[in-house]
Amino acid sequence: MLSITILFLLIAEGSSQNYTGNPVICLGHHAVPNGTMVKTLTDDQVEVVTAQELVESQHLPELCPSPLRLVDGQTCDIVNGALGSPGCDHLNGAEWDVFIERPTAVDTCYPFDVPDYQSLRSILANNGKFEFIAEEFQWNTVKQNGKSGACKRANVNDFFNRLNWLTKSDGNAYPLQNLTKVNNGDYARLYIWGVHHPSTDTEQTNLYENNPGRVTVSTQTSQTSVVPNIGSRPWVRGQSGRISFYWTIVEPGDLIVFNTIGNLIAPRGHYKLNSQKKSTILNTAVPIGSCVSKCHTDRGSISTTKPFQNISRISIGDCPKYVKQGSLKLATGMRNIPEKATRGLFGAIAGFIENGWQGLIDGWYGFRHQNAEGTGTAADLKSTQAAIDQINGKLNRLIEKTNEKYHQIEKEFEQVEGRIQDLEKYVEDTKIDLWSYNAELLVALENQHTIDVTDSEMNKLFERVRRQLRENAEDKGNGCFEIFHQCDNSCIESIRNGTYDHDIYRDEAINNRFQIQGVKLTQGYKDIILWISFSISCFLLVALLLAFILWACQNGNIRCQICI
C-alpha cells in the first residue's frame, strides 16, 4: 500500500510539470521556417530571420548614357580622334565623361606609332573634350598640306586634318624652319606633332631634300629632338614609311619652338586642356543603350544600391567596390530558431530559450499567455523598435564606409615596360584581396553586432517582466512564468505594458505558492523516496517469505535437516 501511495505521488509530480491551471505568460521572438545563413566573427554559419545580400552579381547588357555622358568612338580610338583621322570626323568637338573605345577600332590613315601612347591616351581621356583651337603658323618656303593615298577621305587622298605635312618647295628647297608660339592664355595647351620616317633615302630627298632631316621641339622646361629613322618597314595601306607622333604641353606663360630641316609633321593648332575635368576611357564592345546608371564596367552598366560587386574589376563612375566573394550577407534580423512543428500553442508551451515563434508577425518580440479567459499572442513593439533602431542604418553606414567615386580602369604598358605591368598587376591584385578581406570582416562585425543586439533586447524584455512579477510567479526556465494568482486579460496586459503592480497580488500569490509547493516534490526528494520505496518493498517481500517459511515449518509442511 505504501508503494502504491509513493507511485501516485511520483505521477502527480510528473503531471505537475504540465499546465497546472495557473495563468502562464511566455516571452518569445519571431522565427521563420527557413532562415538565412550569415557569417559572424565567431561562427561561419549562423541562421538569422532576415538578411540582405551586399554583393551585386547582375549587370545590364548595355551602357547607360545617363547621367554620365558617353561618347562612342565607333571605328576610332581616342588618339585617332585627336589626330583627325578620316572616319573620326564625328568626334570633332565631342565632350564626354566616359570615352568608349571599341576593340574593333582601326587606323584609317598613314601608318603611325606614338612612343608615349598611353600617356597621350590618358591626357586626352581625362580632358573630357576635343576642343581644338586652330592657329596660324608661318612656315618659310616649304610646301604645306601634304596628302597620302593611305589616308582616304571621301575616296580622295587626304591626311590627318589636325596636322600639316610639310615638304620641300617646288624649287627643291627646305630651309631651316624656326617658329615660336607663346601661350598667352590662361589654360595649358596640348600640341601634337610628328616626325616622318621615309622608307628609303630616295624618298627622303624627294620629300625634304635634306638628308638626314631633323626635328627639335622645345619649351622652357623640355626639349625633344628626333632624327628620322630611314628604312623599309612592312607595308601597311600601301606604305612602308612611318610617322611617329609626339606631344608637348605648354603651360600659360610658356612658349614652344619648332626647329626643323625636314620631316616635320606640324600641328595646325592645339587642344585646350581642362585641369578641372576628370573624365576617363573604357574599352568595351558593349553597346550604348537608353538606361540610367552611374556605374559602367567593360561588361555593362551596374544599377544597384549594394556596396560591393563581383562583376568586373574594371569599373568607372560611382561604382560598388569590386570583391572576390560572390556573396556577402548582412543580417537584418535576429537569430532564427524555428518553432517545433509538434509543439502546440499551450500544454508544451515554451518561450525564447527553447525556440522562436513563427506566428509572431507584428513584431520581433512578444508574449503568449493562457489564463481563465483563454489564450493570446501579442507583440512587444517597444523592444522591437529598440532593436530595429539599432539595426536600421547598418546598410547605410556600410555604404558610407565604402562609398567613394571608384575608378578602376584597365592599364596597358608598352612591351619594354613588362616589369612595370607585372608590378601594377600585382598591386591591383593585392588591393582587391585586401578589399575582399576587409569587406568580409566588416560584414562579419556588423552581423555579430546585430545578433548581440537582438539577443540583448530579448534578455532585457525578460528581465523587465521578471522584475515586475518577482515572487508572484515562478520562472519555468524556458522563457515562461507561472503566475500564482488570478490574472485576467487586463492583468496580462499590465504585465506586457509594464504597469503591473506586484503588491496588489502579493498575498494571494504567496498563499497559492505555499499550497502548490506543499504537494510538489523536488527532484532531490524524488530520488530519496524512490530508494526508500524500493527498500521497504524488498523488506516486506523478504518478511513475507520468512513468515511463510516459519508457518510451513510449524505445520509440518516443510522439514529442515541439517547434516554435519
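Quick reminder: no glycine exception, Cβ is built from N, Cα and C everywhere.
In this structure, CYS291 (disulfide bond) belongs to neither helix nor strand by DSSP; it is coil. The disulfide bond annotation in Swiss-Prot covers CYS64-CYS291 (among others) and rests on sequence analysis.
The disulfide bond annotation in Swiss-Prot covers CYS76-CYS88 (among others), and the record cites sequence analysis as its basis. For CYS88 (disulfide bond), applying a Cβ distance below 8 Å and a minimum sequence separation of six or more within one chain yields GLY73, THR75, CYS76, ASN80, GLY81, THR108.
Residue environment of CYS151 (disulfide bond) contains 23 other Cβ atoms, counted within 10 Å of its Cβ in all protein chains. Reduced to three states, the DSSP call for CYS151 (disulfide bond) is strand. Residues or ranges marked as disulfide bond in Swiss-Prot (evidence: sequence analysis): CYS109-CYS151 (among others).
CYS295 (disulfide bond) has a Cβ environment of 23 other Cβ atoms inside 10 Å. Sequence annotations record features per position, and here Swiss-Prot assigns disulfide bond to CYS295-CYS319 (among others) based on sequence analysis.
According to DSSP, CYS491 (disulfide bond) is assigned to a helical segment. Non-local contacts of CYS491 (disulfide bond) by the CB criterion (under 8 A, 6+ apart in sequence, same chain) comprise PRO23, ASN371, TYR500, TYR505. Per Swiss-Prot, the feature disulfide bond maps to CYS487-CYS491 (among others); the stated evidence is sequence analysis.
Annotation source Swiss-Prot lists N-linked glycosylation site at ASN18 (among others).
What Swiss-Prot records for ASN34 (among others) is N-linked glycosylation site, and it gives sequence analysis as the kind of evidence. Using a 10 Å radius centred on the Cβ of ASN34 (N-linked glycosylation site) and all shown protein chains, the other Cβ atoms total 7. The DSSP secondary structure for ASN34 (N-linked glycosylation site) is coil.
In this view, ASN178 (N-linked glycosylation site) is surrounded by 11 other Cβ atoms within 10 Å of its Cβ, with every protein chain counted. Look at Swiss-Prot and you will find ASN178 (among others) tagged as N-linked glycosylation site.
Reduced to three states, the DSSP call for ASN310 (N-linked glycosylation site) is coil. Its Cβ taken as reference, ASN310 (N-linked glycosylation site) is surrounded by 18 other Cβ atoms within 10 Å in the chains shown. The N-linked glycosylation site feature in Swiss-Prot is assigned to ASN310 (among others); the stated evidence is sequence analysis.
ASN497 (N-linked glycosylation site) falls within a helical segment according to DSSP. Cβ-based neighbour count (10 Å, all protein chains) for ASN497 (N-linked glycosylation site) stands at 11. For ASN497 (among others), the entry in Swiss-Prot reads N-linked glycosylation site.
When secondary structure is read from DSSP and collapsed to three states, CYS553 (S-palmitoyl cysteine) falls in the helix class. For CYS553 (among others), the entry in Swiss-Prot reads S-palmitoyl cysteine, with the evidence type sequence analysis.
The S-palmitoyl cysteine annotation in Swiss-Prot covers CYS560 (among others).
Annotation source Swiss-Prot lists S-palmitoyl cysteine at CYS563 (among others), citing sequence analysis.
Annotated signal peptide per Swiss-Prot: 1-16, in sequence order.
The topological domain 'Extracellular' annotation in Swiss-Prot covers 17-527 and is backed by sequence analysis.
Annotated topological domain 'Cytoplasmic' per Swiss-Prot: 549-564, in sequence order. Model confidence over the topological domain 'Cytoplasmic' (549-564) is summarised by a mean pLDDT of 64.
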Sparsest-packed of the listed recorded positions (CYS64, CYS109, CYS319, CYS487, CYS553) - C-beta count within 10 angstroms: CYS553
Packing count at CYS76 (disulfide bond) (other Cβ atoms within 10 Å of its Cβ): 25
Among CYS151, CYS291, CYS319, ASN497, CYS553, which are recorded as recorded positions, the nearest neighbour of ASN178 (N-linked glycosylation site) by Cα: CYS151
Candidate nearest CYS109 (disulfide bond) in space, where candidates are the recorded positions ASN34, CYS319, ASN497 and distance is Cα-Cα: CYS319
Three-state secondary structure, which DSSP defines for CYS109 (disulfide bond): coil
Other C-beta atoms that fall within 10 angstroms of the C-beta of CYS291 (disulfide bond): 15
